[in-house]
Amino acid sequence: MSGTVTAPARRVAPIGEALLALLGIAAVILAAWAVPWLKFILTVALAKGIAVLGILLLLRAGQVSFGHSMFLAIGAYTVAFLAPALPEALLLLPLGAAIAGLFGLVIGLFVVRYRDIFFGMLNLALSMVLYSLLEKLYSLTKGTDGIRVSGLRFAGITPDLATQEWVMFGLALGLAILFGLLVRAYLGSPMGRALAGIKTRETRLEFMGVSARRVLLAAYVLSAVMGGVAGTLVAMTSRHVTPQLAYWTSSGELVFIAVLGGAGSALGPFLGAAAFELVRVYAAAAVADAWQMILGAVLLLVILFAPGGLWGMLAGRLGRRP
Amino acid sequence: MGAWFSENGLLIGLALLDGLANAALIFMVAVGLNLVFGVLRIVNVAHGSLFAIGAYAAASLGLFLASLGLPPAFGFAALVVAAALVGGLLGPLIERLVLRRIYGQEEVLQLLVTFALFMILEDVQKLVWGVQPILQDAPMKLLGTVEVPFGEDTIPFTAYQLFLLPGVALATLVGLAWFLRRTLTGRVIVAVTTDKEAAMAMGIDAAKVTLLTFTFGAALAALGGALASPTTSLVPGIGAQTIVLSFAVVATAGLGQIEGAAISALMIGLGRSIAVYLAPEFEVVVPYLIMVAVLLVRPQGLFGVLETRRV
């Protein structure tokens, strides 16, 4: 048994998972130190991994959002809009997360009433609304040109570019660990267990007096917050935000990373994101026109033949039967 | 009202005509999406790509026939032949090779699979037809324009968009309703839609019906694209726009509703074209706003029937 796209395959002992996580952290730091140009890619990969953690939460409930990058865009544009007035990165970060969370609450109140295709496509539709507003309201957002983010301060200090790269890398890594642990704890908590109940038999949850909508809403808001955090990190790292962040293909990438990494562990999204960003650097340059086709083909192959994703393959080697 | 109307009246008239043509095209795609969902229980995200490929194929074939020196009337044949080719080739290919593997599986998984197909087909279009806009408007030019009387003025509008598009959509609506209710094949499709197991117990070959329905739905999407091709320049991205729009139509009407899809296609088509003239920044947003507004009040769609809850 290799599990399915939405459920864990074999269980890996917590100590094994912890060891793998430490190994991963060490590998990421070593790679960033040894190959300087990888630092930027790894920072973005870590940020995307945080956003994909949110997709993973929703996947546990059997739901997939094709519009999740709207929260990433909200976080990123929060930074872009506020940076001139408030250049302090350590304040912008929680602000972006909070505003994304607020949007998540409002949008969530609407979308958690729907399941499956409606949930997926309503999210897609709302993200396209945000995309077209970002694109068309030129006076506010400079349209597809996007907005440059410059002159950020970290705890009152304006670092030089090389230092800022390291600071962003450290921030992304720290937050990735923090949110990875948070999601792990959340999935083990009653709220997290109830998510799986939404996927199998929602009515049973209701019979036990648990509101399925509230369970899904809580997960949705948390996933929006993580999307916002990822967005602020991406904006501060690439120092340029465009409406493309909210486009449906960006959301598709997040879903892709979630499936590629595997939904079995909080490590999955980061495995997936690192593999995705690294392959993209090489593949996008070589076959720019066929990039999406390759993504689609890999997605299809993973779903049909390796539904546990990268994590599932790893766990298959290391794990024991549940 | 008077002064404002004399100033904007013509624009409104133009918006109404535009909206009608628009609605006719969206309906063609949405009704195929609906039909396929009824039998396969899969919302095919790649349905919009079939629309786009149908459009590109029709334009290419039309340009090719024109380059042979054939009269422009052959452009119409190109539209139909291209749609039939795309539907008849890609439909069975997708159903047999991919979709057949995932029937009865988790809905999220089916959604991801058709999403993957969509990503693949998006790039297929770019590889085959490039990213430069392609325009083949001979069929539209051939039919000329009509002066539509509107109040004291007249509005010039192409006969292609005024008569042909709504005509084909109406014929599709009536023909489909007749086909599903009055012919044996149609009734078999309805039977499988209503209760697949009972239909199979009666000796119906569900696999065959599924293949047939998907091919038919794909051909409808391709025909929608082919018909749209003379009215606009084809650029990458029309597939994505189309699937989201036709999903909005289907969701607004309620999944599985065919006549309902015609009405919600009209609502969304008109809403969009009125926005184009009154507030162009919000054109793209209007269909979603209509959908969200309807779903807030009636989660099952305007004409949808509430499904009993799973226990």
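Note that Cβ sites are derived from N, Cα and C of the backbone, with glycine treated the same way.
Keep in mind it's a predicted model, so treat the numbers as computed, not measured.
Quick look at what TrEMBL annotates:
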- B:20-43: transmembrane segment (TRANSMEM)
- B:50-70: transmembrane segment (TRANSMEM)
- B:76-99: transmembrane segment (TRANSMEM)
- B:111-131: transmembrane segment (TRANSMEM)
- B:159-180: transmembrane segment (TRANSMEM)
- B:209-228: transmembrane segment (TRANSMEM)
- B:234-255: transmembrane segment (TRANSMEM)
- B:262-279: transmembrane segment (TRANSMEM)
- B:285-306: transmembrane segment (TRANSMEM)
Long-range Cβ contacts under 8 Å made by the transmembrane segment (B:111-131), restricted to residues 6 or more beyond its ends, are 42-46, 48-50, 52-53, 56, 60, 94, 98-99, 102, 234-236, 239-240, 243
- prompt: Do at least three C-beta pairs under 8 angstroms join the transmembrane segment (B:76-99) to the transmembrane segment (B:50-70), pairs 6 or more apart in sequence?
  reply: yes
Across B:20-43, B:209-228, B:234-255, the most C-beta pairs under 8 Å with the transmembrane segment (B:285-306) come from B:234-255
- For the transmembrane segment (B:209-228) against the transmembrane segment (B:50-70), do we get 3 or more Cβ-Cβ pairs below 8 Å once near-sequence pairs (under 6 apart) are dropped? yes
The answer for the transmembrane segment (B:262-279), taking Cβ pairs under 8 Å and residues 6+ beyond its ends, is 8, 11-12, 14-16, 18-27, 30-31, 169, 173, 245, 248-250, 252-253, 285-287, 290-291, 294, 301-303
Maximum Cβ pairs under 8 Å to the transmembrane segment (B:20-43) among B:50-70, B:159-180, B:234-255 is reached by B:159-180
Same-chain residues at least 6 beyond the ends of the transmembrane segment (B:159-180) with a Cβ under 8 Å from one of its Cβ atoms are 17-18, 20-21, 23-25, 27-28, 31, 35, 139-140, 143-146, 148, 186-187, 189-190, 220, 223, 227, 230-231, 258-259, 262
Sequence-distant contacts of the transmembrane segment (B:50-70), meaning Cβ under 8 Å and at least 6 residues beyond its ends, amount to 29, 77-79, 81-83, 85-87, 90-91, 121, 124-125, 128-129, 134-136, 138-139, 218, 221-226, 228-230, 234, 238-239, 242-243, 246
